[in-house]
Every structure is written in structure tokens, then in C-alpha cells.
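Taken verbatim from Swiss-Prot:
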- 13, 155, 186: substrate binding site (BINDING)
- 55, 77, 79, 80, 85, 103, 132, 157: S-adenosyl-L-methionine binding site (BINDING)
- 155, 181, 182: divalent metal cation binding site (BINDING)
């Protein structure tokens, strides 16, 4: 679990104080049950210079369980990277399940695509390259996607999380879930003002804090914030 490189502050994929305890969780409950395609993609992604952007293995396991528990069928993912969380979702969905996946970088997505294809899951995925906001705006304008998504996972540009939420709340069904990743930003949300954070970490931290405050005040949703991975907040639409 490397912590060197540009993403040191936000790349550490556990908020536990003990690395040994996190390793115990991985080795006892996560890695032994990790499907072979996910293991293969995790190992491929580990060689990527930006590997710390990937979804952690324990969070992938959590997403898989969650999707099965809510019987999700129509899903969306904003922010794909090499596709580890996308693969977890595709494996958890029924054969006729669908994922609308959006990312500004097709090259990263294509790193994981051969693994997805080999697993026989590519038919579940519609990938769109480019910014997600124009796509969401068009979907809302079309009118036929209102309340049509069972589950939406967002792991993208933190400075647009609130902009995503304003749109996704219309696209997720009542009773459906939106999951926002990195909502604890490697613990920096409680860092003192004089903490030695890198410029981009401090910049995005303010947007994460703003999001957390807005979600807590949004009466249209029930929320649950969990210290899984880098923090994930689940929002269940109730109105």
C-alpha cells in the first residue's frame, strides 16, 4: 500500500489508525473473496503511475454487496479510472443490468477494458468519454430518465460534486442510492488550519466540506457516511 508520489495525502486507502488492522481486514475478508477478474485488474492498476486514484479492494467489496442488497439493475458511475469499481458493479448486477459510465479519460478506462471483456461483462457498460455534467443536463432535458436509476456512484472531480448532486437527485429513483466517494478526504476534513497539506489537497478539501454540509442539510435524502476506503457517503432519496 504505497503512499509515496503525488497523491500521498489522499491516496492512503484506509482511515484506520493501524495499517496492520487494515491489512488484517484485506487478508482475512477481502482478498480471499475477491473475484479473479477484480484481482487481475487491481494488480494491473497497481502499475499505473496514478494507481492511488483507484477504488480500494474493501470498498469494491462493499459496493458489490450494496448493489446486491438493493437489487440494483440500472446504474451510473461518474469517474471510472481503470474500472475497478465499474467491474465490481458489473459483476454484482444481473445479466440484463446496465451501467452508464462516464470519465474524461478513455485511455485509463481501456486499461481495464480487456479484463471486463474477458469476464463477459462489457455488454452491461455504456462508456461515455468527456465531462459528465453536459450528459446529465441532456438527460434531464430529455425528461425520460427522471427517477430511473437504482444506484449512482460518484468518484470524480470533487469541485463538481455539488453540481452532480443537483442533477443526480432527479435521476435516481425514490428509494435509490447515490454514493459519493472520498468524503473524508483521507482525514483532511478535520485537519487544523495550519496543517501542512499540499495545495490541491487543501483546495479540494473545501469542496468536500461544502458537500458534506449540503448533504447533511438535504431533506430529500437520508444519509450514511462511512469510513470505508477514503470515506463514502450514501444518500437514499426519499422525496
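Every residue, even glycine, has its Cβ placed from backbone N, Cα and C.
Location within the structure of each feature annotated in Swiss-Prot.
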{"residue": "77", "record": "S-adenosyl-L-methionine binding site", "CB count, 10 Å": "26"}
{"residue": "79", "record": "S-adenosyl-L-methionine binding site", "CB count, 10 Å": "23"}
{"residue": "80", "record": "S-adenosyl-L-methionine binding site", "CB count, 10 Å": "28"}
{"residue": "85", "record": "S-adenosyl-L-methionine binding site", "CB count, 10 Å": "26"}
{"residue": "103", "record": "S-adenosyl-L-methionine binding site", "CB count, 10 Å": "24"}
{"residue": "132", "record": "S-adenosyl-L-methionine binding site", "CB count, 10 Å": "25"}
{"residue": "155", "record": "substrate binding site", "CB count, 10 Å": "25"}
{"residue": "157", "record": "S-adenosyl-L-methionine binding site", "CB count, 10 Å": "17"}
{"residue": "181", "record": "divalent metal cation binding site", "CB count, 10 Å": "24"}
{"residue": "186", "record": "substrate binding site", "CB count, 10 Å": "23"}
Seminar exercise, completed: Least surrounded, by Cβ count within 10 Å, of the binding-site residues 55, 182 is 182
Seminar exercise, completed: Mapped onto three states, the DSSP assignment of residue 79 (S-adenosyl-L-methionine binding site) reads coil
Seminar exercise, completed: Of the binding-site residues 155, 181, 186, the one whose Cα sits nearest to the Cα of residue 80 (S-adenosyl-L-methionine binding site) is 155
Seminar exercise, completed: Of the binding-site residues 155, 181, 182, 186, the one whose Cα sits nearest to the Cα of residue 79 (S-adenosyl-L-methionine binding site) is 155
Exercise. Could you state the CA-to-CA distance between residue 155 (substrate binding site) and residue 77 (S-adenosyl-L-methionine binding site) to the nearest Å?
Worked result: 8
Exercise. Around the divalent metal cation site (155, 181, 182), what further same-chain residues have their C-beta within 8 angstroms of the site's C-beta centre?
Worked result: 55, 79, 154, 156, 180, 183, 229, 230, 232
For this session: List nothing but the largest Cα to Cα distance in Å, as a whole number, among the residues 55, 77, 79, 80, 85, 103, 132, 157 that the record says bind S-adenosyl-L-methionine.
Result: 19
Exercise. Given the binding-site residues 55, 85, 132, which lie within 10 A of residue 181 (divalent metal cation binding site) by CA-CA distance?
Worked result: 55
